[in-house]
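First up is the structure itself, then whatever we jot down about it.
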Amino acid sequence: MKDLLNLLKNQGQVEEFDAIRIGLASPEMIRSWSFGEVKKPETINYRTFKPERDGLFCAKIFGPVKDYECLCGKYKRLKHRGVICEKCGVEVALAKVRRERMAHIELASPVAHIWFLKSLPSRIGLLMDMTLRDIERVLYFESYVVIDPGMTTLEKGQLLNDEQYFEALEEFGDDFDARMGAEAVRELLHAIDLEHEIGRLREEIPQTNSETKIKKLSKRLKLMEAFQGSGNLPEWMVLTVLPVLPPDLRPLVPLDGGRFATSDLNDLYRRVINRNNRLKRLLDLSAPDIIVRNEKRMLQEAVDALLDNGRRGRAITGSNKRPLKSLADMIKGKQGRFRQNLLGKRVDYSGRSVITVGPTLRLHQCGLPKKMALELFKPFIFGKLEMRGLATTIKAAKKMVERELPEVWDVLAEVIREHPVLLNRAPTLHRLGIQAFEPVLIEGKAIQLHPLVCAAYNADFDGDQMAVHVPLTLEAQLEARALMMSTNNILSPANGEPIIVPSQDVVLGLYYMTREAINAKGEGRVFADLQEVDRVFRAGEAALHAKIKVRINETVKERDGSVVKNTRIVDTTVGRALLFQVVPAGLPYDVVNQPMKKKAISKLINQCYRVVGLKETVIFADQLMYTGFAYSTISGVSIGVNDFVIPDEKARIIGNATDEVKEIESQYASGLVTQGEKYNKVIDLWSKANDEVSKAMMANLSKEKVIDREGKEVEQESFNSMYMMADSGARGSAAQIRQLAGMRGLMAKPDGSIIETPITANFREGLSVLQYFISTHGARKGLADTALKTANSGYLTRRLVDVAQDLVVTEIDCGTDQGLVMTPHIEGGDVVEPLGERVLGRVIARDVFKPGTEDVIVPAGTLVDEQWVEFIELNSIDEVIVRSPINCETRYGICAKCYGRDLARGHQVNIGEAVGVIAAQSIGEPGTQLTMRTFHIGGAASRTSAADSVQVKNGGMVRLHNLKQVERADGNLVAVSRSGELAIADEFGRERERYKLPYGAVISVKEGEKVEAGAIVAKWDPHTHPIVTELKGTVTFVGMEENITIKRQTDELTGLTNIEVLDVKDRPAAGKEIRPAIKMVDAAGKDLYLPGTDVPAQYFLPANALVGVADGAQIGVGDVIARIPQETSKTRDITGGLPRVADLFEARRPKEASILAEVSGTIAFGKETKGKRRLVITPTDGSEPYEELIPKWRHLNVFEGEQVNRGEVISDGPSDPHDILRLLGVSALAKYIVNEIQDVYRLQGVKINDKHIETILRQMLRKVEISESGDSSFIKGDQMELTQVLVENERLASEDKFISKFTRVLLGITKASLSTESFISAASFQETTRVLTEAAVTGKRDYLRGLKENVVVGRLIPAGTGLAYHSERKRRRDADKPLRVSASEVEAALTEALNSSGN
């Protein structure tokens, strides 16, 4: 018996391994795997259904069909284990060996492996240095290739067609060797001497100058070195033996009716065997060459189809005309092995059902139908019944359960007690899509779900279904309870704000009970305590909304954690006093002394979590929900058609608009305005009218008149049902109410343009047929968009997860002091995100000093929490350097200090947290809320006119940032730099707003001056680009000849004369080379120089410049000498929403990107070519001038003689992230990408922490390009992992050798995923064939560091509680002990991990 147990134990044992290597299999290796050769194409005998001998299902080779029973039935039972039957030759064993035993086919002629031939770049082609076309001609028997030229004039590797071959035979006889087919290729590969070739290439590379040639050579060198290092031999890419897959992995199943269902692979194998046998026979008969050749070609094609059908030529099809599924198709794509069976599997102990509301549940409970529970917990019930002695055998227990005896229900209740189950709703977009609950048995067939977790699941009760899973092992139950319980997931991992927030009815109820009404019953009464209020309210003596005074006892937690109790009398309402009863001790009364709108409730729960902790918050959230439901029921809020009050002014507003439109139409008819102007004006008018109607409507809805206690008529906030729903945030918005009670407004045509005639009716009045027809397009487009959006958003999430999946917190501190500079995020002058919010939950990288002193007020290494944020705001600090995932120096993974706070838990992140996946989910999950379309700016959308001044919103002190300015004679400043900014700081020195100042802006205030709110502090002309002098003197015209380089124009209206510079293409031949300029001279006519330089003050004038000064005029500092008209910015399509986010993460180069200065220096223009200008920048440090050709149609922001800094914009356009990284560095790139992505999400009102975007960015910046190889083994231009290069450089530095130099490279997320170290992860993502081919040739090792690789090989992932297991294994491995991690040790490590996460 013991023997039997050992046997069973050995069956399930898996080798412990640390890495997986993939490589090419040698023929010997294939034979060593094999249990015999398949010689016949037969499968099974159609009469007996027994496998044929030597066929594709042969029992002698692959093992018995039935457990422990040979084919002929001579040996049966376990006792004969291992015996080989002398009659049928079958070994007696388990039938499951048919899943693992392989066979082989000895090929009569070698065959090239199609992956190494056709998967680009062709490996065989690279090694042999021949083109793919040529190799194919040899392989498919179209031409001969010379293998050994001997003493002839032929060259090795030369191709000969039939004629040339026979000529050569006549000429040289058999002095040379030329063959065709795979044997020729194999010979050539066999003949390659890797060492010699590598040496030759390494010498050749430094001597070549052509870029393309260097690329080609280094590719070839890399491949050769890969072969040499991996122990693969080149000739193994040509197969001489073909392995055969075990038969149970390509099953043949008899269907009823005598037909068979078979795997396509059997057909493909059959083809190969048939052709191979025919070829053997032909060779034995020494058939004519041409027939043999044809058969060999067919064999090559058959093997190609087996390995990768359809890769070359037409795919082989089966009987039903569809292509057969080859081995390659088995592993790639969504239905392939990786994604279908390895990364996700169907699991046992699960069920699904429709969900309904469970308003009476507690937050940690879910209602589980008895029927489901009985099925899910069956084994536990059987065990319990036997243990209790209610059933003697499992069979008896089974019977009891089937009969549903009363005892069974008692046992079920006991089994379920404190056994959590997991609930999951598809699509699981973030980790809150699976949470654990304690089941409560219910009647009925639907699962009951707690309303507060609906937001996390994005669930509603209109027929959604959910799946239930049972965690079986003790560890799994422990994790479910300690980590996944819904009560532990109160905060969202995406932004750290509560996700367990009441919505809809609950919000409405809480809002209703905290509103106040004038002259309600009981107004003005004073109560002794909350209990009295409750009594009086229940007795009906005071209305819910009555204003009263109450004496309350509140306990308030101070910042240092001490608790202060105080008693005071507050002015409040009955409802608020009732609500305060459920508020936990520690929160002040003020939190409920206001109308509770959705935002306020969210803030309340957040504050509660931070002040009194998790447990109290959960109880409080539940109580809030119960209260909300109760009072929304009492309120009786409902919607009737009379709630939509249409404002009386509507008719007047629409009448006025119609009159104005008529006026514009008549202007258009008489030719005063163009079609475009008319269109814009009309649409403007209607937009305005629509806004006015909705303003009037909201004013009408939101107020009502009542009589107060003195009998006067006063206004109070309305109790209109619809207004309350919108105002509280329960449902609906002003925009929706506008369509119901205002006017629907402008609609768009299918092509996106806006129709000039709006829908003036609203839904209460009803639409006419035409109006209804106009509306249909928009409604349908919405539905189509949603479907597209879901797919695109899912794909973006998948790419993000894939790029970041191996990023796990692996250490506490990497010790870097690098970080990102954080400033308040300001947009269009408004502070969108104050500094405090941005640094919350981050670790400070360098000490923060009190402004203007040397006192450290926030030391480096501080984790900023809510109290520090207040402190930072109080001390009016406006920039802080914080640690960031981008700068973390941990080698594998990331450190806790650089990441900061775990947003979902509110403390520093634990080691083992999979921050990469969390980041990917946080960015991907709201993807479905983003828009899909690109916006065409134009018409009503771009009503924001070009800014022409800065008007400050708050009073305060002026601060000027990196602004170069000159002072005009009238005392105003003129900006002469491009990246200047003006900020306003309040009395504490905090920046409240910030504005960009364009070149030539006239600034009417000085640094440090105080301004009032609403003051205009700077002005400029938005339509022209000025050229400003920086010194005073006399104007001299150079090269300005009338009608050759300039033309004079007189304005008809004003009678003033302007000088316009002609475009080069409009000038006569004489003027093509002349460059008109304005020179500044002093009174004596001597040249003046630009301040601080020895460059003469000469301003070259670009084409179309308008000169506003006369020759010889005296001008002062800061005067405008010429203006360049700006084409009003063309209507660029602004890519918005999801496509924009995808573009940023894929690091795509935008079309017509902005041009940045490559070096700092002085601008000049060199010789022009046909369509381009030559821009020359002479660096200030005296190095080589930098030249760049720029198309003439690009509008340049700079002119001759101007100083620019590296990375400044020379020509406007969308920014290219690669340029930002190259010229301005990682921090500038981070700032750009984070802000751009946040802009898209902010527009939709979605909050995501910057950290997540930085985490993904870290993964995009993993690679570097070697610029100088030093003494390392790297080749210039190679892309390497940053960590690899740093480690190598450390080693070189310690040996006093030259280190390699590199530049950072930004990869898009798809590219970054495919270039990861792990080939398993890359292969299961995309382009499986290419990844595996490359990995096999280079003999790659996968060290299984990421999550995905470990999931594929079926291990615990190295994150969370699984990290304990992995680090324990690593420790053991280092100590060289026999590797057996026992369950108890894992348990211990697990509890330790859980304890640390609980603190």
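Any Cβ shown, glycine's included, is placed from N, Cα and C.
Cβ contacts within 10 Å of Cys88 (Zn(2+) 1 binding site), excluding its own Cβ and spanning all protein chains shown: 17. In the three-state DSSP scheme, Cys88 (Zn(2+) 1 binding site) is classed as coil. Summarising the annotation, Swiss-Prot assigns Zn(2+) 1 binding site to Cys70, Cys72, Cys85, Cys88 and lists sequence analysis as the type of evidence.
As annotated by Swiss-Prot, Mg(2+) binding site applies to Asp460, Asp462, Asp464, with the evidence given as sequence analysis. Taking all protein chains in view, 6 other C-beta atoms sit within 10 angstroms of the C-beta of Asp462 (Mg(2+) binding site).
Taken from Swiss-Prot, the feature Zn(2+) 2 binding site covers Cys814, Cys888, Cys895, Cys898. Contacts of Cys888 (Zn(2+) 2 binding site) defined by a Cβ separation under 8 A and a same-chain sequence distance of 6+ are given as Cys814, Thr816, Ile894, Cys895, Cys898, Tyr899, Arg1258, in order along the sequence.
Note: the Cα of Cys72 (Zn(2+) 1 binding site) and the Cα of Asp464 (Mg(2+) binding site) are spaced 55 Å from each other. The secondary structure of Cys895 (Zn(2+) 2 binding site), as reduced to three states from DSSP, is extended strand. For Asp462 (Mg(2+) binding site), the spatially nearest entry among the binding-site residues Cys70, Cys85, Cys88 is Cys70, judged by CA separation. Each of the binding-site residues Asp460, Asp464 was assessed for Cβ neighbours inside 10 Å, and the highest tally belongs to Asp464.
Put simply, of the binding-site residues Cys70, Cys85, Cys88, the one whose Cα is nearest the Cα of Asp460 (Mg(2+) binding site) is Cys70.
The two recorded residues, Cys88 (Zn(2+) 1 binding site) and Asp464 (Mg(2+) binding site), show a Cα separation of 57 Å. Long-range C-beta contacts of Cys70 (Zn(2+) 1 binding site), restricted to its own chain and to partners at least six residues apart, with a cutoff below 8 Å, comprise Ala59, Pro64, Lys76, Val83, Cys85, Lys87, Cys88, Val90, Glu91, Val92.
Those same-chain residues not listed among Cys70, Cys72, Cys85, Cys88 yet with C-beta within 8 angstroms of the centroid of the Zn(2+) 1 site C-beta atoms are Ala59, Leu71, Gly73, Lys74, Tyr75, Glu86, Lys87, Gly89, Val90. Note on the binding-site residues Cys72, Cys814, Cys895, Cys898: the fewest other CB atoms within 10 A surround the CB of Cys72.
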